[in-house]
Amino acid sequence: MLQQFTLLFLYLSIASAKTITGVFDSFNSLTWSNAANYAFKGPGYPTWNAVLGWSLDGTSANPGDTFTLNMPCVFKYTTSQTSVDLTADGVKYATCQFYSGEEFTTFSTLTCTVNDALKSSIKAFGTVTLPIAFNVGGTGSSTDLEDSKCFTAGTNTVTFNDGDKDISIDVEFEKSTVDPSGYLYASRVMPSLNKVTTLFVAPQCENGYTSGTMGFSSSNGDVAIDCSNIHIGITKGLNDWNYPVSSESFSYTKTCTSNGIQIKYQNVPAGYRPFIDAYISATDVNQYTLAYTNDYTCAGSRSQSKPFTLRWTGYKNSDAGSNGIVIVATTRTVTDSTTAVTTLPFNPSVDKTKTIEILQPIPTTTITTSYVGVTTSYSTKTAPIGETATVIVDVPYHTTTTVTSEWTGTITTTTTRTNPTDSIDTVVVQVPSPNPTVSTTEYWSQSYATTTTVTAPPGGTDTVIIREPPNHTVTTTEYWSQSFATTTTVTAPPGETDTVIIREPPNHTVTTTEYWSQSYATTTTVTAPPGGTDTVLIREPPNHTVTTTEYWSQSYATTTTVTAPPGGTDTVIIREPPNYTVTTTEYWSQSYATTTTITAPPGETDTVIIREPPNHTVTTTEYWSQSYATTTTVTAPPGGTDTVLIREPPNHTVTTTEYWSQSYATTTTVTAPPGGTDTVLIREPPNHTVTTTEYWSQSYATTTTVTAPPGGTDTVIIREPPNHTVTTTEYWSQSYATTTTVTAPPGGTDTVIIREPPNYTVTTTEYWSQSFATTTTVTAPPGGTDTVIIYESMSSSKISTSSNDITSIIPSFSRPHYVNSTTSDLSTFESSSMNTPTSISSDGMLLSSTTLVTESETTTESICSDGKECSRLSSSSGIVTNPDSNESSIVTSTVPTASTMSDSLSSTDGISATSSDNVSKSGVSVTTETSVTTIQTTPNPLSSSVTSLTQLSSIPSVSESESKVTFTSNGDNQSGTHDSQSTSTEIEIVTTSSTKVLPPVVSSNTDLTSEPTNTREQPTTLSTTSNSITEDITTSQPTGDNGDNTSSTNPVPTVATSTLASASEEDNKSGSHESASTSLKPSMGENSGLTTSTEIEATTTSPTEAPSPAVSSGTDVTTEPTDTREQPTTLSTTSKTNSESVATTQATNENGGKSPSTDLTSSLTTGTSASTSANSELVTSGSVTGGAVASASNDQSHSTSVTNSNSIVSNTPQTTLSQQVTSSSPSTNTFIASTYDGSGSIIQHSTWLYGLITLLSLFI
């Protein structure tokens, strides 16, 4: 019972084992190590180390499963091992046996068996290194001849396979360094047989061999030749390692013993080389000596005898074994389709014979048939073991067309160009251009003939010397036409009979020809002695006559008689015009065609009957557009193939197009039987995609994909709702208008910037009864003329001016000097004489105004020495009062100023003034140091009568500021025809202050459009810096039309305010921001140019409470719907202001006088980090929201003053004075200040005083 169970288990184990593939999955490397000091890296030299990757998965492989690695063109394993284990982490998962192909097969194998260590839960992988040597030939065996073509010198691809899994690697093989034209030899060890194959190739003879003797032997008795394993042949070529690639039989005589082998040969054709190889057994296969016989005679050359002796050594293969056992190779026939090698079980301690069994498939006999065609077909008639199977190969053969041409080479080449699609090949024979040949034939005393060719170099003349034995001679005498006698010897080819011809001059001859009754002709010559007259009598029978009737192309008949010589046949040719012909073609039952012509008499009609065998028929079924079926037979010409065309109505078709991952398109049609439905499946590669983003009128975004036909480009159209748009109109220095749209990303805000040329300005000054001065600007539409109305107070003022030289330029003042300051807040607003309350329905706010009046006093003292350098000391103080309030805001400012100015020529107080005939050449250098101390107390500047918003301003603020200002101005005269000043001023301001900013308001004369606003107001604290700049502009005296001095001043300063950061809800949560970059740039006429660049760096830390936005009077306001969430924000602002000043110079009038034309277009740009921008257009003597006030006069005072007061600008969109202001966030508290002299003239200030007043405006 146990035995039966054991047998059953063994049977089940064997039955469950299977062959698996794909275990060897990568060819990692193939490197060469020189095992025996070889001269080059040849594929057949040991050792090539192949590193292969393998993997075993326990879920698909089981213990006992086998897998085999086939290694084509591998000769042997160069190792003493017989197997190798596939090991991972020290565990053997499979054992692989080495089987070398050697001389038995063209490949080697590695046969492996899975071990029990592989479990279903294990997946093992690793690498294995196999030491091998490749087979690139070396003998004349069929195995070596096939493998001799495996590789070539250079880069090769080595491919092994494990079932259907191929693994490859590229490797570089070096060519043999041995000269292939000399004698060649090779030796190779076969470890499995413990024998050596030895090869010997005769030296090269280009023109072939006349004879030769070659072979090898051993005189020491340590080598035995195996005469049963010898290959002798001639090869037509060698591979890159000097091994034969072919073997053909030839004529030779062989002598073989155990001590040596030798052959004698003769007449080997050109292009071939004899070779011999044999198996030898040596006492030590790694060290033995052979003596080589090497005698040969090249065609056309002398005999050569060059024997040599070689002592062979090699690497020792431990597989050879030293116990002297006999190794026998046996062959067994199996039913497999390939040849395999196996070693039968062998115990070296018991067995004395080791058997290597070669498993060969059933032998086959090949029967080859041929036909004219292109493709080869194979068929096999199988047979059982012991018999021979038959393989029938139907081989196509081609007919050939030979083209012969000459070339410059020395040998004849034949190239066959095989036509892959037709059965006619072209054989191109290139014959070397032959040397001219001179043949000389001479007789000698020998009884045989010889021919010797003396070959000259190419381009020379070859000489062929023929030596012949003497011929026999026959003498013939004959008459000839000459009047003298000659004797000529006609030499026959050697071995034949020469003829001696004696030619005598002929006798005179009389010939008589006559016809007679006989049917034959006779000629009778009556010969006279030499010198006499011979008589020739010719008797001829009458000629026969043949009449031939033929047709020709003419329309008439002729008869022609052609007379033949006597004994010939006269011909009568009758030519008739051709008959008409009727041809009838009919099919008959025979397999051949005939043509029968029934000829009618001339002038009638001939009949041609063509009988053809029936044509072959091919039936084709196709679909057409009709709804019914038809059958049409297309009859081919006789001998062709008739076509039966069956047209069926088309099947219904269902077409399906789908995209797939490949880069090409395919169309597959599944054809149903007639009457069914065909399916067309189109697979297209995915189209390229172009994405386009556009805006549309809806409030939401969509994405649409427009699919193009296959091969086109799909379009993804993203439609975004339109961005909000903020339109800003500003003036610039050009004479034309432009519109620029700055498009933000989707969801942002687009900005439309309209740039208009500045309007002309007309300034009117009036006096009124109020105690303060105001300036009202009536802004015309772009292209019109703006009007600046200045209302002056009639109250008195006092200005103390101490100057030695400036009295001629700056007049003294008889009444007080006022600076009118107006602060707009959320609850009140008053501008000029207007005081009309206005309310906003959506917010329910009450608007009014509060006027703050500042009275200031300025004392200036100028000291000049030698007219070259002037010093000026100026101080000013002011008081701000609110007439409508019970409490006053008092500002006490002390501004001591010291300045030094110098120029190259004499001037007044450092300011250049010129008459009509004098142009200043001076530059101005000003160095100013200013110290400002301000103490401000502001209990409540608002009127207590406004009860609805009293709490907004009930918190008093006390501000103490200490500032140190340093002005450094360097002048540079950059004049052309007309002189100008260029001044660069750097101002550094450090200020610490605490300021409460009141809510801004909208004036009563404002056209206000309000839309619903969803506003959640929360306190906002800003840290800000506000600068006020007063700029001096000096105008020289020009000459009028007739030389008089006239002045035309048209100052148009432009102030633009912009932000340095973008506003958002999140931005208001930040700590500090940098902002305030102010640049005042004049645009001047062509006759004047003064450029002043002022850089102001101000660092200010000041908490400011910024309430709701407000816009001053004269401004059209549009409020857009917004959703604003105001949150407490503390901003630290740094302002940097650039200010430029312009002084006009003399211009020449068209009548010869000088008339200055001053076009002052100053651009002041201010930015804050509170994420807002406000652009204002400032016209002379105009009131500007969030910007400045400037005034100018056109009289002869030559004095123009521009005061630019910048206030806090917070979260304000871009705004233009004459355009709409759009705001949905806290806006600007406007502080406007103007300086007058009380008489309609504007007080003149220098550039440094302009910057000083800017500083003072922070605190006043």
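Heads up, residue numbers simply count up from 1 along the chain you see.
Backbone N, Cα and C define each Cβ position, glycine as well.
If you look up Swiss-Prot, you'll see Cys73-Cys150 (among others) marked as disulfide bond, on the strength of similarity to another entry. Listed in sequence order, Thr106, Phe107, Phe134, Asn135, Val136, Asp147, Cys150, Phe151, Val158 are the same-chain residues six or more apart from Cys73 (disulfide bond) with CB atoms under 8 A from its CB.
Every protein chain shown contributes to the tally, and the Cβ of Cys96 (disulfide bond) ends up with 23 other Cβ atoms within 10 Å. Annotated disulfide bond per Swiss-Prot: Cys96-Cys112 (among others), in sequence order, evidence recorded as similarity to another entry.
Taken residue by residue with DSSP, Cys298 (disulfide bond) is part of a strand. Listed in sequence order, Cys205, Glu206, Asn207, Gly208, Tyr209, Thr210, Gln304 are the same-chain residues at least 6 apart in sequence whose CB falls under 8 Å from the CB of Cys298 (disulfide bond). Per Swiss-Prot, the feature disulfide bond maps to Cys205-Cys298 (among others); the stated evidence is similarity to another entry.
Under a cutoff of 8 A between CB atoms, and with a sequence separation of 6+ in the same chain, the neighbours of Cys227 (disulfide bond) are Cys256, Thr257, Ser258, Ile261, Ala278. Here Swiss-Prot flags Cys227-Cys256 (among others) as disulfide bond.
Secondary structure from DSSP puts Asn471 (N-linked glycosylation site) in coil. Swiss-Prot lists Asn471 (among others) with the feature N-linked glycosylation site, giving sequence analysis as the kind of evidence.
Annotation comment: Swiss-Prot describes Asn507 (among others) as N-linked glycosylation site, evidence class sequence analysis. Asn507 (N-linked glycosylation site) carries neither a helix nor a strand DSSP state and counts as coil. Sequence-distant neighbours of Asn507 (N-linked glycosylation site) (same chain, 6+ residues apart, CB-CB distance under 8 A): Tyr479, Thr527, Ala528, Pro529, Pro530, Gly531, Gly532, Thr533, Asp534.
Under the heading N-linked glycosylation site, Swiss-Prot lists Asn543 (among others), citing sequence analysis as support. The DSSP secondary structure for Asn543 (N-linked glycosylation site) is coil.
Sequence annotations record features per position, and here Swiss-Prot assigns N-linked glycosylation site to Asn579 (among others) based on sequence analysis. Asn579 (N-linked glycosylation site) falls outside any helix or strand according to DSSP and counts as coil.
Secondary structure at Asn615 (N-linked glycosylation site), taken from DSSP and collapsed to helix, strand or coil, is coil. Cβ contacts within 10 Å of Asn615 (N-linked glycosylation site), excluding its own Cβ and spanning all protein chains shown: 16. Annotation comment: Swiss-Prot describes Asn615 (among others) as N-linked glycosylation site.
Counting only same-chain residues six or more apart in sequence, the Cβ atoms lying under 8 angstroms from the Cβ of Asn651 (N-linked glycosylation site) belong to Tyr623, Thr671, Ala672, Pro674, Gly675, Gly676, Thr677, Asp678. Residues annotated as N-linked glycosylation site in Swiss-Prot: Asn651 (among others).
Within 10 Å of the Cβ of Asn723 (N-linked glycosylation site) there are 16 other Cβ atoms, across all protein chains. The annotation N-linked glycosylation site is assigned in Swiss-Prot to Asn723 (among others).
Taking all protein chains in view, 20 other C-beta atoms sit within 10 angstroms of the C-beta of Asn759 (N-linked glycosylation site). A coil conformation is recorded for Asn759 (N-linked glycosylation site) in the three-state DSSP classification, outside any helix or strand. Here Swiss-Prot flags Asn759 (among others) as N-linked glycosylation site.
Per Swiss-Prot, the feature N-linked glycosylation site maps to Asn820 (among others); the stated evidence is sequence analysis.
The N-linked glycosylation site annotation in Swiss-Prot covers Asn886 (among others).
Residues or ranges marked as N-linked glycosylation site in Swiss-Prot: Asn973 (among others).
Per Swiss-Prot, the feature N-linked glycosylation site maps to Asn1045 (among others).
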Inquiry  = Going by Cα-Cα distance, which of the glycosylation sites (Asn471, Asn543, Asn579, Asn723, Asn759) sits nearest to Cys112 (disulfide bond)?
reply    = Asn723
Note = In chain order, residues whose C-beta lies under 8 angstroms from the C-beta of Asn543 (N-linked glycosylation site), counting only those at least six residues away in the same chain, are Thr563, Ala564, Pro566, Gly567, Gly568, Thr569, Asp570
Remark   = Checked against DSSP, the composition of the repeat 'ALS 2' (401-432) is 0 helix, 21 strand, 11 coil
Ask   = Which whole number is the mean pLDDT over the repeat 'ALS 3' (438-469)?
value = 86
Ask   = Would you say which of the disulfide-bonded residues Cys112, Cys150, Cys205, Cys256 has the most Cβ atoms within 10 Å of its own Cβ?
value = Cys112
Task = Look up Cys73 (disulfide bond) in the DSSP assignment and reduce it to helix, strand or coil.
result = coil
Inquiry  = Looking at the recorded positions listed here (Cys96, Asn471, Asn615, Asn723, Asn759), whose Cα lies nearest to that of Asn579 (N-linked glycosylation site)?
reply    = Asn615
Message = Excluding near sequence neighbours, so keeping only residues 6 or more apart in the same chain, what lies with its CB under 8 A of Asn471 (N-linked glycosylation site)?
response = Thr491, Ala492, Pro494, Gly495, Glu496, Thr497, Asp498
Key: Of the recorded positions listed as Cys96, Asn723, Asn759, the one whose CA lies nearest the CA of Asn615 (N-linked glycosylation site)   = Cys96
Inquiry  = Taking 10 A as the limit, how many CB atoms besides its own sit near the CB of Asn579 (N-linked glycosylation site)?
reply    = 16
